[in-house]
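Contents: one structure, followed by commentary.
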Amino acid sequence: MPVGVLALQGSVREHLDLLERSGGKGIPVKTLRELEQVQGLILPGGESTAMGKLLQDGGLMAPLAERIRRGMPVWGTCAGMVLLASGIEGEETVHLGVMDMTVRRNAYGTQRESFSVRDRIPEMGLGEVPLVFIRAPHIVHAARSVRILKTVRGAAVAARQKNMLATSFHPELTAETGFHRYFLDMVEEAGGSRMFTAP
Amino acid sequence: MEEQKKERAEMNRNLAQMLKGGVIMDVMNVEQAVIAEKAGAVAVMALEKIPSELRKSGGVARMSDPRMIKEIMEAVSIPVMAKVRIGHFVEAQVLESIGIDYIDESEVLTPADDMFHIPKSDFSAPFVCGAKNLGEALRRIGEGASMIRTKGEAGTGDVVEAVKHMRTISGEIRRLQLLPKEELMTAAKEMGAPYDLVRWVGENGRLPVVNFAAGGIATPADGAMMMQLGCDGVFVGSGIFASENPEKRAAAIVRAVTHFQDPQMVAETMEDLGEAMSGVAVSGLADRYAARGW
């Protein structure tokens, strides 16, 4: 079974390309039927309000949350991190709400405050890699069971809780394959295979 | 300094990548902006009058009141765009100073310069520009635009021009892909576009920035058609707030653009939508906005 990229909106193509370049194979996921065909899912960058609305309208929200709770590996980048969070600062409702952390949306401000840095992430076994923050969120509070993998400018921007990975930044906008290989490892550890075998 | 500028340009293109597969909606006040965000818009375009009203009222159309734009920026969490007149670099400076997420140098407003566009690379704020053909798109990218949209014919509710511009750009890209290297310089000369960008498009078979459809999209089927024609997302200007039921139509167009390859899903979104904007046929128009831009 392949790895999926939630394809309602956002940086879908970029994730699919990097999955392929990382030795895996991904398929776009828009419907419940497509969700059933994958053994891991990437929630891409984009607008979390738009994706949340489409998840809800398409009847995907509850089944996806359920699969994640049952252990399907999932990785949210930027908007994807917001979708996973169990708390969103200043908002009453959340989306999937599966990962025990509270995030702040647009934590750095408007596009004027978007930035990129190069840094190491020893926690993920990564040397110096580019970290691109586009109107990014960050984590303001996390439960004990959430392991913070990276802090930038004093704020937590990458975290892992069991089968769930969240990053404020966008590896899919760079040529760096390290993050996608890390996620494919998570999928493999969960009992899946890296390669897509056509049915 | 050069390095910083390059990095900023890259991040501005990146923001457009985040909008892909989504719908950007024209809104005239906070209330409409909130409706658009709830309906699943990926961004809003703040302006005082939607194009269909600009058409009716005539006169000189200019940048909107910065206060109204700031109120919208405070009311929604999605990116906010706003329009400046073609060539009006001070209107662009003003928008940049209030921290706008994207500037649209737009033919919908009355041009401020009948020869030259804004030198967009001088700005740290990103720009989106309209184009009717590949040459025009590449000239704007050469000037620093980090996102392109087809011009279509704004404020008409008639999709014919958006289709024409999308097909024209795609056709010209395909042609460049077939040309041998030695013919690319002459192609660049003929289309009035920078050679390095012409070569890039020939090698990669796409524009180097995200390309949305705009100008006349009024129904979910219009949105899905533009997606099937190969654009990355859709702008809906007058189509939503000049229609009978904006909330429902906005959500329907969002859903149809996401599921553009699934006619059954598009059909579902089109049930009981109420009246679309009445519109005017482009064929009978005296004043074509798409002709503005050089």
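Each residue, glycine too, has its Cβ placed from N, Cα and C.
Quick look at what TrEMBL lists:
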BINDING   A:G46, A:E47, A:S48, A:R105, A:I134, A:R135  L-glutamine binding site
ACT_SITE  A:C78  active site, nucleophile
ACT_SITE  A:H170  active site, charge relay system
ACT_SITE  A:E172  active site, charge relay system
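Over all protein chains present, the Cβ of A:R105 (L-glutamine binding site) has 21 other Cβ atoms lying within 10 Å. A:H170 (active site, charge relay system) has A:C78, A:I134 nearby among the recorded positions A:C78, A:R105, A:I134, counting only those with a Cα within 10 angstroms of its own Cα.
With an 8 Å limit on C-beta distances, the recorded positions from A:R105, A:I134, A:E172 that reach chain B are A:R105, A:I134. Across the residues the record lists as binding L-glutamine (A:G46, A:E47, A:S48, A:R105, A:I134, A:R135), the two Cα atoms farthest apart are 13 Å from each other. When Cβ atoms from all protein chains are considered, those within 10 Å of A:H170 (active site, charge relay system) total 29, not counting its own. The Cβ neighbour count for A:S48 (L-glutamine binding site), using a 10 Å radius over every protein chain in view, is 28. Distance between Cα atoms for A:E47 (L-glutamine binding site) and A:E172 (active site, charge relay system): 15 Å, as a whole number. Residues near A:G46 (L-glutamine binding site) in space but far in sequence (CB under 8 A, at least 6 apart, same chain), listed by position: A:L8, A:Q9, A:G10, A:S11, A:C78, A:A79. Distance between Cα atoms for A:S48 (L-glutamine binding site) and A:E172 (active site, charge relay system): 17 Å, as a whole number. A:E172 (active site, charge relay system) counts 28 other C-beta atoms within 10 Å of its own C-beta, drawing on all protein chains shown. For the pair A:R105 (L-glutamine binding site) and A:E172 (active site, charge relay system), the Cα-Cα distance reads 19 Å. Distance from the CA of A:I134 (L-glutamine binding site) to the CA of A:E172 (active site, charge relay system) is 12 Å.
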